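Now, the feature entries from TrEMBL:
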| type | residues | note |
| --- | --- | --- |
| ACT_SITE | ASN9 | active site |
| ACT_SITE | ASP198 | active site |
| COMPBIAS | 296-306 | compositional bias 'Basic and acidic residues' |
| COMPBIAS | 316-325 | compositional bias 'Low complexity' |
| REGION | 295-325 | region 'Disordered' |
Amino acid sequence: RIMRPDDANIAGNVHGGTILKMIEEAGAIISTRHCNSQAGEPCVAALARVERTDFLSPMCIGEVANVSAEITYTSRHSVEVQVNVMSENILTGAKKVTNKATLWYVPLSLKNVNKVLEVPPIQYARKEQEDEGKKRYEEQKLDRLETKQRNGDVILPVINPEPHTVGYSQSSLIHLVGPSDCTLLGFVHGGVTMKLMDEVAGIVAARHCKTNIVTASVDAINFHEKIKKGCVITVSGRMTFTSNKSMEIEVFVDADPFVDEPRERYRAVSAFFTYVSLSKEGKPLPVPQLLTETEDEKRRFEEGKGRYLQTKAKRQAQMQQAAQH
C-alpha cells in the first residue's frame with residue numbers, strides 16, 4: 001500500500017511501527033491460512049516472537065510498500081514466517097529492500113483461546129532446510145525462556161531529571177484495548193502492540209537527542225502472554241545504551257485486566273529498539289552520550305554495549321562473507 005502522511009514522522013520518514021504492523025499482518029494471514037489448510041478445528045495464528053529486524057533503508061511518504069511472506073519452518077505447535085518489505089518509488093520505478101523479518105506464530109483454537117493446536121507440516125525442498133529451521137526453533141525457544149526470567153523490572157518516575165540521563169527521556173503510554181485492536185479471539189494483534197512500542201521508543205529517542213530520529217533495528221520481540229480486549233496496557237520505554245551514532249531503548253508492555261478478570265498486572269511483551277539520529281539532509285548525527293547514575297543503569301548500559309558489539313561483529317562477518325562470494 002501507499003505510504004500516507006499519517007504513517008510518517010514530521011520529516012516524512014515512515015514510522016518503524018507502521019512497517020512492523022504491516023509485517024505482522026502479512027505473517028498472521030499466511031500462518032492462519034496454513035494452520036487451517038487441513039480439516040480440523042478452526043484456529044487463528046497468534047504472534048509469539050519476532051526475531052531481530054533491521055531497517056535497511058528508510059521509507060518515505062508517497063512510496064509504495066510491498067510486503068511478501070513465506071512459511072520456512074513448522075514445528076508441532078509453531079510456524080516460522082519470513083517476511084520481506086520492499087519500497088517502490090512509483091514516479092521513477094526504483095525499488096529497494098527496506099526490511100527482512102522472521103516471526104513465530106502459534107495456532108489458537110477459535111473455540112478455546114487457551115488451546116494450542118497442531119500445525120500441518122510443510123514440504124521442504126531439501127533436508128538441510130528442515131535441519132536449519134529446527135536449529136532456529138531451538139534457539140528462539142531458549143532465548144524466550146531467558147527473557148521471561150528477567151522480566152520483573154519496572155520504570156519509576158524521576159523528579160527534575162538532568163538532560164541525557166535515563167530518567168530525563170523515559171516515557172510511558174497508556175492504552176485501553178478496544179475491539180479494533182483485537183483478533184477474532186478477542187486478544188490484541190501483535191502488530192498493534194509493536195506499533196505502540198515503536199511510538200514510545202521514538203519518544204524516548206527524540207527526548208534524548210532533540211533531533212529527527214528513525215528506527216534502525218529491533219532486537220527480538222517476545223510476546224510472553226496474550227492481552228485481552230478490555231485490558232489497559234502501559235507501554236514503557238527507557239534508554240539503556242548509546243554508542244556514537246545509535247541509541248538502544250528497552251520497551252516493555254504491562255497489562256492490567258479490568259473487565260471480568262481477577263488477576264494482577266502482568267508483563268506481556270518486551271523488546272529492545274535501536275534508533276539513529278538524522279540531520280535535515282538525512283545524514284547520521286552524533287548521539288549525546290547517556291549519563292548513567294545508578295548501579296542498575298550502569299549494569300544495563302554494559303549489557304547494551306555487549307549487544308551492540310555482538311551485532312557489530314556479526315554484521316562485519318556477514319560483509320566479509322558477502323565480499324568473498
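Note: Cβ is positioned from N, Cα and C throughout, glycine not excepted.
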Integer Cα-Cα distance in angstrom, ASP198 (active site) to ASN9 (active site): 12
Residue counts (helix, strand, coil, in that order) that DSSP gives for the region 'Disordered' (295-325): 30 helix, 0 strand, 1 coil
Cβ atoms near ASP198 (active site) (within 10 Å, other residues, all chains): 26
For ASN9 (active site), the number of other Cβ atoms found within 10 Å of its own Cβ: 16
